[in-house]
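Worksheet: one structure, shown below.
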Amino acid sequence: MDPGIANHTLPEEFEEVVVPEMLEKEVGAKVDVKPTLTTSSPAPSYIELIDPGVHNIEIYAEMYNRPIYRVALFFSLFLIAYAYGLDGNIRYTFQAYATSSYSQHSLLSTVNCIKTVIAAVGQIFFARLSDIFGRFSIMIVSIIFYSMGTIIESQAVNITRFAVGGCFYQLGLTGIILILEVIASDFSNLNWRLLALFIPALPFIINTWISGNVTSAIDANWKWGIGMWAFILPLACIPLGICMLHMRYLARKHAKDRLKPEFEALNKLKWKSFCIDIAFWKLDIIGMLLITVFFGCVLVPFTLAGGLKEEWKTAHIIVPEVIGWVVVLPLYMLWEIKYSRHPLTPWDLIQDRGIFFALLIAFFINFNWYMQGDYMYTVLVVAVHESIKSATRITSLYSFVSVIVGTILGFILIKVRRTKPFIIFGISCWIVSFGLLVHYRGDSGAHSGIIGSLCLLGFGAGSFTYVTQASIQASAKTHARMAVVTSLYLATYNIGSAFGSSVSGAVWTNILPKEISKRISDPTLAAQAYGSPFTFITTYTWGTPERIALVMSYRYVQKILCIIGLVFCFPLLGCAFMLRNHKLTDSIALEGNDHLESKNTFEIEEKEESFLKNKFFTHFTSSKDRKD
């Protein structure tokens with residue numbers, strides 16, 4: 001309802017006559033002051049009606065409303081985030097050493113691109129599963145994927161196996177992050193939402209300073225540095241498991257009749273019906289496969305086409321691009337619009353500008369970050385002469401500063417309750433930061449400039465990244481849609497990662513070899529400098545002509561990447577101005593927790609709101625005419 005009208009008090013006779021009687025004639029249905037479903041509405045099918053995961057988590061939240069329970073729950077989220085956050089910092093470093101050990105360091109972006117394509121689709125997949133089968137069940141599945149992928153990565157002997165392990169790891173990590181974000185949202189009101197969302201991010205404050213020590217202690221033994229997390233992370237998940245089992249116990253003890261069996265579909269439906277209704281339609285398997293193939297065909301070739309031998313004109317680069325754009329994308333759109341019963345991209349949600357432009361922001365966040373961050377560690381070690389410990393800490397500064405700023409802002413939003421001004425301010429900080437990164441991009445004199453730029457980048461990120469997520473959750477309106485909207489936001493975030501990694505990889509693999517060849521005349525030496533930079537710098541130390549040539553090449557390429565990031569900050573700012581500026585209320589969602597409201601209900605609400613506006617305006621102008 002329009003705020004200007006909401007702030008006026010309707011005359012008594014208007015409230016008594018218009019709402020119960022006149023409104024019924026206008027809407028054409030029996031309505032209350034709070035509209036409900038009419039008997040003429042078609043009964044929802046079993047699949048549309050039942051979301052046991054959403055229903056039960058609301059009951060669990062009631063059982064866990066004591067402060068001591070909430071503290072224990074959020075501490076368990078913190079513990080898991082601490083584990084995967086430290087792993088991420090360390091793995092980011094050792095991934096560079098792993099690809100370099102295969103003499104294929106330039107394929108680092110390809111590995112990242114493949115992982116993020118899988119992660120993007122995995123967000124929606126896990127969100128839908130968690131709504132149906134519950135948060136805890138999907139958390140267990142995610143942990144299994146995480147550990148399995150970690151083991152495969154640590155034992156990989158070539159880039160192919162490393163990429164396969166990375167896909168499983170990323171899928172598991174995606175599920176864990178999503179479930180933690182959703183649980184944090186399930187147990188927090190909108191005005192506390194930003195602070196709750198930052199609980200899983202708080203470990204970055206610690207990990208920034210200790211990850212460098214850990215990587216230095218492990219040294220270049222990247223296999224152990226990655227593999228040890230296959231058992232560390234599952235151990236860190238035990239406290240959350242205890243909390244989830246405890247709240248389930250309390251719910252069964254005090255509200256057993258209200259709970260819905262999370263695997264009821266398996267009992268009520270035959271196996272064939274279950275596979276068709278749940279696995280095929282509800283999860284939209286066809287849509288997921290098509291969108292995965294599309295992004296794989298379009299993005300991965302970008303990172304493979306360059307290098308010492310350009311391959312843009314070869315069939316294995318052109319064919320996937322043609323298949324992706326000409327065949328797969330039209331098929332996906334046709335399926336989603338015409339045939340899918342539960343589209344991956346629900347059009348009724350995306351049409352809301354508060355959701356659509358928030359998704360665009362999510363895309364540009366990671367796209368822009370990858371422009372400066374994809375090869376930042378390599379640039380710091382090779383072109384800025386940083387140690388392993390120093391480079392690891394510097395690359396973590398972004399997360400460190402953003403978490404501190406975002407947490408402080410979380411307390412501010414409890415009272416302020418508006419998000420849009422902070423989002424605009426944060427993006428403005430990014431514009432300045434990328435401008436600084438264009439200037440400070442290499443050589444030993446860039447040390448302080450890069451640190452300052454990354455701190456400013458983190459300051460801006462803390463002001464708008466998670467704030468945008470809180471904004472899009474408010475735009476979802478109902479708790480039932482919160483997990484889906486969150487997954488769309490995180491999926492778009494990962495798609496931005498995929499495009500960013502793809503573009504940065506394309507720039508790196510196509511321009512860097514040429515720049516190195518211009519400055520290093522020996523083809524064999526140039527190939528070594530490009531393919532195995534960490535091995536190269538041990539032989540050609542700081543100050544040697546060969547090292548200076550490599551530094552100048554890195555400076556040139558990093559400048560191009562940062563300019564691309566700077567340019568795309570302006571569309572990011574434009575999207576921020578188009579967002580809704582919701583007031584964050586003392587409820588889980590703007591329209592409460594009733595997740596069984598159908599489309600008919602919302603149509604009645606819209607008609608009621610429009611009707612009340614018109615009638616109030618008529619009454620107001622009539623009264624004014626009478627006074628005149």
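Note: Cβ is positioned from N, Cα and C throughout, glycine not excepted.
The shown structure was predicted, so the numbers you read here are calculated from the model rather than taken from an experiment.
Some features that Swiss-Prot has for this protein:
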- 68-88: transmembrane segment (TRANSMEM)
- 107-127: transmembrane segment (TRANSMEM)
- 132-152: transmembrane segment (TRANSMEM)
- 164-184: transmembrane segment (TRANSMEM)
- 194-214: transmembrane segment (TRANSMEM)
- 225-245: transmembrane segment (TRANSMEM)
- 285-305: transmembrane segment (TRANSMEM)
- 317-337: transmembrane segment (TRANSMEM)
- 354-374: transmembrane segment (TRANSMEM)
- 420-440: transmembrane segment (TRANSMEM)
- 488-508: transmembrane segment (TRANSMEM)
- 559-579: transmembrane segment (TRANSMEM)
The transmembrane segment (488-508) in contact with the transmembrane segment (420-440), cutoff 8 A, at least 3 CB pairs, sep 6+: no
Distal contacts, the transmembrane segment (164-184) - CB-CB under 8 A, six or more residues away: 57, 73-74, 77, 80-81, 84, 88, 95, 111, 114-116, 118-119, 122-123, 126-127, 130, 135, 138-139, 141-156, 196-197, 199-200, 469, 482-483, 486-487, 490, 494
Intrachain neighbours beyond the transmembrane segment (559-579), with Cβ under 8 angstroms and 6 or more residues off its ends: 353-354, 357-358, 360-361, 364-365, 367-369, 371-372, 374-375, 419-420, 423-424, 427-428, 430-431, 434-435, 437-438, 441, 464, 468, 471, 503-504, 507-508, 511
Long-range neighbours of the transmembrane segment (107-127), counting only residues six or more past its ends (CB under 8 A): 95-96, 99, 138, 142, 159, 162-163, 166-167, 169-171, 173-175, 178-179, 182, 283, 288, 291-292, 295-296, 299-300, 302-304, 344, 374-375, 483-484, 486-488, 490-492, 494-495, 497-498, 501-502, 504-506, 508-509
Surrounding residues of the transmembrane segment (354-374) on its own chain - C-beta under 8 Å, 6+ positions past either end: 108-109, 112, 395, 398, 423, 430, 434, 437, 457, 461, 464-465, 468-469, 471-472, 474-476, 485, 488-490, 492-497, 499-501, 503-505, 508, 558, 561-562, 564-565, 568-569, 571-572, 575-576, 578-580, 582
